[in-house]
Amino acid sequence: MTQTIFMVGARGAGKTTVGSALALALGYQFIDTDLFMQQTTQMSVAEMVEQEGWLGFRRRESIALQTVTQPSTVVATGGGAILAEENRRFMRQHGKVIYLRSPAEVLAQRLEEYPQDTQRPTLTGRPIAEEMLEVLAAREALYQEAAHYVMDGTGGPQQVVEQILSALQLETVK
């Protein structure tokens with residue numbers, strides 16, 4: 001299998017952590033679309049949003065997603081990449097989409113434990129626990145629609161990687 005693997009899920013779901021470990025296990029390249037955009041623009045996500053608004057940021061995110069997609073690559077997407085129907089369709093057509101699903105309280109706890117990883121500005125202006133509840137409620141159906149596989153993201157990174165590898169292996173056997 002050399003298909004691109006796309007990691008989707010909310011902020012704090014572990015897309016970057018699990019995605020990089022998965023890439024290592026598969027011998028794939030790993031790319032995080034947020035980091036790619038930061039490197040190519042020399043701006044943080046917050047600066048991009050401040051300068052271009054969320055609409056401009058999302059447009060840039062769609063271009064980045066298509067730019068980094070290549071065989072034998074694991075791509076960690078931004079939490080909102082699935083908001084654009086074009087992105088959901090693109091990912092499903094060009095690879096396998098893995099949704100790392102975790103409850104809002106787990107996501108909030110992770111984001112509070114690792115505040116440096118929360119480089120995105122708040123979406124709602126509310127406390128992180130409330131924001132995660134609201135974001136998941138709004139996006140859950142879109143994550144599900146995009147996903148080929150829905151994985152429990154509450155375990156440790158290696159445990160989640162093993163679950164993903166098992167799911168992908170079962171598919172190649174069919």
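Cβ atoms here come from the backbone N, Cα and C positions, even for glycine.
The ATP binding site annotation in Swiss-Prot covers Gly12, Ala13, Gly14, Lys15, Thr16, Thr17, Arg120 and is backed by sequence analysis. Residues or ranges marked as Mg(2+) binding site by Swiss-Prot: Thr16, Asp32. Summarising the annotation, Swiss-Prot assigns substrate binding site to Asp34, Arg58, Gly79, Arg139. Residues or ranges marked as region 'LID domain' by Swiss-Prot: 112-126.
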Roughly how many Å separate the Cα of Asp34 (substrate binding site) from that of Thr16 (ATP binding site), to the nearest whole number?
10
So what sits near Thr16 (ATP binding site) in its own chain, CB-to-CB under 8 Å and at least six residues off in sequence?
Met7, Asp32, Ala76
Please give the maximum pairwise Cα distance, in Å and rounded to a whole number, for the substrate-binding set Asp34, Arg58, Gly79, Arg139.
19
Coarse DSSP state, helix versus strand versus coil, of Lys15 (ATP binding site):
helix
Please classify the secondary structure at Asp32 (Mg(2+) binding site) using three-state DSSP.
strand
Between Arg139 (substrate binding site) and Ala13 (ATP binding site), what C-alpha distance do you get in Å?
13
In whole Å, how far is Gly79 (substrate binding site) from Ala13 (ATP binding site) when you measure between their Cα atoms?
9
Sorry to bug you, but what's the C-alpha spacing from Arg58 (substrate binding site) to Thr17 (ATP binding site), rounded to the closest Å?
22
Secondary-structure category, per DSSP, in which Arg139 (substrate binding site) falls:
helix
According to DSSP, does Gly79 (substrate binding site) fall in a helix, a strand, or coil?
coil
Quick check for the class: what is the C-alpha distance, in angstrom and rounded, between Lys15 (ATP binding site) and Gly79 (substrate binding site)?
9
Using Cα coordinates, what distance in whole Å links Arg58 (substrate binding site) and Gly14 (ATP binding site)?
20
Given the binding-site residues Lys15, Arg58, Arg139, and counting only Cβ atoms in the protein chains shown, which has the most within 10 Å of its Cβ?
Lys15
Please give the average pLDDT for the region 'LID domain' (112-126) in this predicted model.
63
